[in-house]
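A.B. asks: As annotated by Swiss-Prot, domain 'ABC transmembrane type-1' applies to 16-325. If you look up Swiss-Prot, you'll see 27-47, 81-101, 157-177, 181-201, 266-286, 307-327 marked as transmembrane segment, on the strength of sequence analysis. The domain 'ABC transporter' annotation in Swiss-Prot covers 365-611. Marked as ATP binding site by Swiss-Prot on the basis of sequence analysis: GLY400, PRO401, THR402, GLY403, SER404, GLY405, LYS406, SER407.
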Amino acid sequence: MGLVLKEFNNKIRTALILAPFFTFAQIVIDLIIPSFLASAISVVFSIDKLKQDESGGKTISVDFIGGANINFANVREAQIVLATTVILLALCGLFFGLISIYCASYVSANTSFLLRKKIFAKLMRITTPSHDHYGSSTLLVRLTNDVYLMEVIAFDFLRLIIRAPLLFIGGLVFAVTTNQDMSISLLITFPLILLVIGILNRKSIPLFKENQKSVDKINERVEEDVSGYKVIQSFNLHSFTNNKFKIANEGWKKNSTSSLFINSLNIPFTFFLSSLTIIIALLLVFQLDSSVSVDPLPQDAAIRPNIFAFFQYNFYIVLGFILTSLTMVNFNRSRVALGRIKDILSQPEIKTITNKDQKELLPTLEFRNISFGLGNKNNNNFLQNLSFKFEAYKTYGIVGPTGSGKSLIANIIGGLYEPNEGEILIGGEKIQSIDSLYLSEMIGIVFQQNILFKGTISSNIKIGIETRSDWKNQSDLQKNEAMKNAAKIACADTFIEKFSDSYDHNVEQLGKNLSGGQKQRVAIARTLITKPRILVFDDSMSALDALTEKKVRENIENDLKLTTKIIISQNINSIKHADKILVIDNGRIVGFDSDQKLMKNCSLYQKMKESQKDLGGDFDAVN
């Protein structure tokens with residue numbers, strides 16, 4: 001709750017105060033009621049004597065626990081007053097309890113709402129290495145299950161954490177006041193209850209940690225298998241994947257069984273010790289209280305109500321222990337969850353730079369001695385001492401074998417990774433001094449993995465301009481025209497207009513109802529609509545046929561003459577038209593020149609081009 005306390009509005013703060021207040025009021029009433037019930041029982045057991053007193057003209061005196069007594073004119077008045085008082089107290093307790101529950105529910109629900117909002121906003125801002133470290137399955141668990149546990153403990157804090165000690169302390173005080181002889185039994189069983197709860201609580205914490213790890217593994221397993229179901233189907237890997245899931249599921253079952261068993265022992269042990277308390281109390285009262293006889297004689301009337309009240313307060317003491325143990329279970333689970341949430345919230349964020357005096361920059365890109373490794377260790381850099389410069393308005397290619405580091409360069413250009421060494425310059429300015437918003441609007445990247453969002457084709461293409469400052473005052477008509485123009489450049493209009501609902505065609509989650517080529521063209525249009533001044537294609541035309549790819553390249557060259565274009569690909573045919581081509585091998589630059597010159601002075605480029613010719617990779621004759 002403390003993580004979002006500052007974000008509480010006045011309504012939530014009011015509920016935060018009222019919840020414990022009405023909980024306290026409810027407990028006070030609950031503790032008073034047994035005293036009135038005991039007095040009512042004393043009236044019932046002494047009814048004959050009271051009638052005799054009444055006939056003799058005497059007032060009726062009813063004793064209450066704690067030594068207080070009230071005089072009544074007759075038996076009927078005593079019955080009516082006591083019955084009415086108990087009913088009114090019960091109704092007040094119910095009313096206060098309902099208000100307390102509502103306020104606690106309101107606060108806990110808003111706590112989870114604000115916490116989930118805060119975590120989600122953080123996930124959208126954490127650095128790519130942090131995201132890669134945790135993985136989407138673990139992040140999903142922390143956003144859902146862990147936040148739910150925090151909601152539970154917030155409710156417990158406002159209700160049970162206050163209710164449990166009040167029931168215990170209040171029950172203990174009233175029990176001692178009711179009958180000191182019977183209260184001796186509490187000295188015997190009370191330490192045993194504390195010992196049991198302490199031992200079980202200590203054993204449960206590591207089990208909950210292991211249980212949360214098991215949940216992460218199951219989510220990771222499910223996410224991987226569901227995402228790769230086509231591979232599983234094609235290779236008939238059902239038994240293999242079922243076995244892997246079974247292992248993860250059995251690990252969770254084992255940890256869950258142990259944690260549930262340990263924490264469930266609280267209740268039976270507590271009830272056992274409660275019954276033991278009652279037995280010891282009865283033995284003590286018959287041994288120590290000489291007013292109690294074997295036969296139900298009138299002199300026993302005073303002790304019988306006290307025995308009833310003592311049992312009631314003993315129940316409150318036991319209930320306080322049970323609520324404490326249940327709260328401790330949730331507390332231990334939430335403490336593990338809180339640590340995991342704090343771990344996420346403490347992760348470094350993408351740096352935001354504000355420069356109100358930001359000037360227009362030429363779309364040039366320069367790497368100066370850039371080194372980078374996913375391990376973030378300078379002595380383990382994969383990209384080694386990269387230095388090159390892309391001039392404005394020209395087209396550049398980046399090519400290299402699989403795993404050579406091409407996509408790493410794209411991610412560094414897009415600001416997803418920060419280099420361990422070296423400098424990046426845009427328009428001759430160090431990237432650290434450029435306004436972040438200006439930079440994001442200046443650079444556009446079409447990533448290797450084309451992620452589309454659930455919605456429509458229109459919403460997916462226009463999502464790129466929804467938050468841009470230069471589009472805020474544009475009309476829907478202007479946005480639609482820009483969308484159609486971007487789709488035309490990306491050759492996406494040819495299939496979009498075949499749909500009956502055209503640009504309003506439904507797109508399922510991750511674009512599952514579109515083909516690979518269709519998704520790539522929508523993704524290209526989504527970036528083109530932003531009119532970036534530096535445009536990066538990270539192997540983002542791989543699903544297009546040769547004719548369509550050539551047409552898209554030609555459209556981009558003709559329509560984006562004032563844009564610096566960077567095309568990353570393994571296919572020589574996709575980049576050989578570029579003004580210059582950067583050849584990467586194992587994280588190092590092995591060539592940077594035009595296609596013709598690289599064919600003379602770069603052996604790797606020569607080998608790649610020859611191998612792709614042999615495989616039918618040169619499509620010039622076809623095109």
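Backbone N, Cα and C atoms are what each Cβ position is placed from, and that goes for glycine too.
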A.B. asks: Let me check the 10 A CB neighbour count of SER404 (ATP binding site). How many other CB atoms are there?
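C.D. replies: If we count other Cβ atoms within 10 Å of SER404 (ATP binding site), we arrive at 22.
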A.B. asks: So if I exclude everything within five residues of the ends of the transmembrane segment (181-201), which remaining residues of that chain have a CB under 8 angstroms from its CBs? That is, six or more out.
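C.D. replies: Distant Cβ neighbours of the transmembrane segment (181-201) are 172, 175, 262-263, 265-266, 269-270, 273-274, 276-278, 280-282, 284-285, 288-289, 306-307, 310, 314, 317, 321, 324-325, 328, 332.
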A.B. asks: Which residues of the same chain, at least 6 past either end of the transmembrane segment (81-101), have a Cβ under 8 Å from a Cβ in it?
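C.D. replies: The answer is 18-23, 25-26, 29-30, 32-33, 36-37, 39-40, 43, 62, 70, 72, 158-159.
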A.B. asks: Determine, for the ATP site, the additional residues of the same chain whose CB lies within 8 Å of the mean position of the CB atoms of GLY400, PRO401, THR402, GLY403, SER404, GLY405, LYS406, SER407; present them in sequence order.
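C.D. replies: Surrounding the site, in chain order, are GLN570, ILE584, ASP585.
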A.B. asks: State the non-local partners of the transmembrane segment (266-286) in its own chain: residues 6+ outside its ends, Cβ under 8 Å from one of its Cβ atoms.
C.D. replies: 179, 181-186, 188-189, 192-193, 196-197, 200, 292, 303, 307, 310-311, 314-315, 317-318, 321-322, 325-326, 329
A.B. asks: Is SER407 (ATP binding site) helix, strand or coil when read with DSSP?
C.D. replies: helix
A.B. asks: Which residue, out of the binding-site residues GLY400, PRO401, GLY403, GLY405, shows the minimum number of other Cβ atoms inside 10 Å of its Cβ in this structure?
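C.D. replies: GLY403, out of the binding-site residues GLY400, PRO401, GLY403, GLY405, has the fewest neighbouring Cβ atoms within 10 Å.
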A.B. asks: Where else in the chain does the transmembrane segment (157-177) make close Cβ contacts, counting only residues six or more beyond its ends and a cut-off under 8 Å?
C.D. replies: 1, 16, 19-20, 23-24, 26-28, 30-31, 34-35, 65-66, 100-101, 103-104, 107-108, 183, 186, 309-310, 313-317, 319-321, 323-324, 326-327
A.B. asks: Could you list the residues of the same chain, at least six apart in sequence, whose Cβ is under 8 A from the Cβ of THR402 (ATP binding site)?
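C.D. replies: Spatial neighbours, sequence-distant, of THR402 (ATP binding site): GLN570.
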A.B. asks: Counting across all protein chains present, how many other Cβ atoms fall within 10 Å of the Cβ of SER407 (ATP binding site)?
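C.D. replies: The answer is 17.
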A.B. asks: What is the total of other Cβ atoms whose distance to the Cβ of LYS406 (ATP binding site) is within 10 Å?
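C.D. replies: For LYS406 (ATP binding site), the count of other Cβ atoms within 10 Å is 21.
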